[in-house]
Amino acid sequence: MCMLNSERANQSIQQLSSALQQLDPDEEQAEEVRGGSEDCFTTTMAEEDKAAWSQKSQSEAGDSVTTQKVSSEELEGMKQRIRVVVVENEKLHSELKARAVDESLKDYTIRNSMVIFARMKIIGLIFLGSNVCTHQEKLKVIYQAQMESLEAQVIALRKDLSVSQRECEEVKLRLRHREKQAADALRADGAPRVAGLCLKCAQHEAVLAGTHTNLHVQAIDRLTKERDELLVALRTVRASQQEAQQREWSACLQVKQAVEMAEEANLQKARVRETHTHTHTYTHRFNKVIFQLPLPRQPMPAAQGTLSPPLPTAEVSEMGTDVAAIPCGAGGCGMQVCAI
C-alpha cells in the first residue's frame, strides 16, 4: 500500500509540473495575439476615434495587467504547493526505506526462531523413536522368557497326565479281569462265590478293591482338575500372547508414525532453508540497488523553476514487491512446521 501511494503521488506531481509548463507558453501566445490584434486595429482606425480607442485600450491594458497579476499569484501558489508535495514525497520515501529495513530484520528473526523450533522438534522425535525401540526390545525379551517358562510347565504337566492315564488304563484292565473271573466262578458252581472265595471273604476283598479303586478315582479326579487348570493357563497364555502381539504392532505403528513425522519435519526444514536463501538473495539485491540509486536533488530557487524528485526505477519497484511477497511464504512454512 505504501508503494502504491508513493507511485500515485509521483504521478500527481508529474501531472502538475506538465500543467505548469503548458500554462507558460499559452500565456505568451495570448499576449502575442493581443498585441497583433491591437496593432491591426490601430492602423485601420480613423483619426477622430483615436481618443476613444486610446481610453478603451488603456482600460483593456489595465484589465490584462490585473489578470496577469492574478495568474502570476496563482502560479506562485501552485509552485509552493508543488514544493510542499515534493518535500512530503521525499519524507514518504525515507519512511518507506526505514519500514522495509525493519520488516526485513523482523522476518530474519522470525525465520531463525522457526528453524530452531523445527530442529528441536526433530531432535525430540528422534529421541522418542529411540525410546520406543528400546521399550519394544525389553518387551520382546520379557515375552520370550515368559513363553519359555510356560512351555516348560506345559511339558511337565503333559508328562504327569500321560502317566496318570496309563495307571487308569491298568486299573480298568484289572477290574475287567476280576469281573470276568467272578462271572466264570458263578457259572461253574451256582453259589455266590467270587474268585473261589466265600461270601465274607469276597465282600472283604471287594471292600479292599473298592478302597483301591477309590484311590484311583481320586487320582483321576486330581489329574482331570490339573488338566483343566493347565487348559485355563494355556488359554491365558494365548490371550497374553495376543495382547503382546497387539502391543508390539501398536509400537511398530508408533515408530512408523514417528519416522513419517521426522521425514515431514526434514522436508519442512529444507523448504524453510530454501525460502531463507531466496529472501537473503532478494534482500542483498534490493540493498545493492538502493545503494546504487543517486541522492535526491536539492530544490531549485523560484527563479530557475522547480524540478521533480528522482523517481524510483522499475527494478527497485519489482524488488520491493518481491521482498514484500517473500515473508508471506516464509510465514506459511513456519506455521506448517509448528503444526507438525
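Note: Cβ is positioned from N, Cα and C throughout, glycine not excepted.
Taking TrEMBL as the reference, the stretch among 140-167, 196-223, 308-335 described by the feature coiled coil is residues 140-167.
Mean pLDDT across the coiled coil (140-167) comes to 84 in this model.
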